[in-house]
């Protein structure tokens, strides 16, 4: 069956690559694995061997029929749905597992949506493993003063330890995409989250500050609080130069700035 462009389908079949990807997951058998976009089940075949429960979410009816024909495993559940429309928290609540991980050969066109949907339930997850466009993977794992650094980098760092695992050459897929991919892993923790009383508000705060990367942090902050003098005072209190641009601040500085503005009585 041919891949469907409108679903962003690109398939893998190399067994060494499949094993290498699945190896990135924590190899604790007693866990729930949620696979997003299993396609023809290349990863699924290995997942059902290694883990107690695997739930796959696939939007394409044709792929679902292939999966149902290929697999007859008691530890596999196949759900036909658009993952962006599923309540993942409610889905997870159906299963009694302490260790829950997500794995996905992510369609390029909904990468950000899937990432942010995953981050929203990070407190329920142990780990996530994503195959992404290489450029996006580098962006997620970048740090301040690096070209790719943006609000997505900070959002992923806020919820997890980010790891750039390895590059996947585009020739490993069929049909062959235009660019290489890469595997990243997010190991979830509360190191930064416990410093903030409203994580969603913080993520939106950072996103707004990155709306115009060419502007200084002072001008972008002024767009939020609508008071340039007050914005300058906040930056001075934290010893942050008003001439810096958003990509020149690290996550600790963003957290301090957020808390100063929204928690303190200053």
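Residue numbers in this text run from 1 along the chain shown.
Placement of Cβ uses the backbone N, Cα and C atoms for every residue, glycine included.
What Swiss-Prot records for 10, 12, 37, 58, 82, 105 is S-adenosyl-L-methionine binding site.
Structure with Swiss-Prot features highlighted.
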{"residue": "12", "record": "S-adenosyl-L-methionine binding site", "Cβ contacts under 8 Å, 6 or more apart": "18, 42, 43, 105, 168, 172, 173"}
{"residue": "37", "record": "S-adenosyl-L-methionine binding site", "Cβ contacts under 8 Å, 6 or more apart": "57, 58, 59, 83, 104, 105, 106, 107"}
{"residue": "82", "record": "S-adenosyl-L-methionine binding site", "Cβ contacts under 8 Å, 6 or more apart": "59"}
Taking every protein chain shown into account, which of the binding-site residues 10, 105 has the largest tally of Cβ atoms within 10 Å of its Cβ?
105
Which state, by DSSP, holds residue 37 (S-adenosyl-L-methionine binding site): helix, strand or coil?
coil
Max Cα distance spanning 10, 12, 37, 58, 82, 105 (S-adenosyl-L-methionine binders), Å?
21
For residue 12 (S-adenosyl-L-methionine binding site), the three-state class that DSSP assigns:
strand
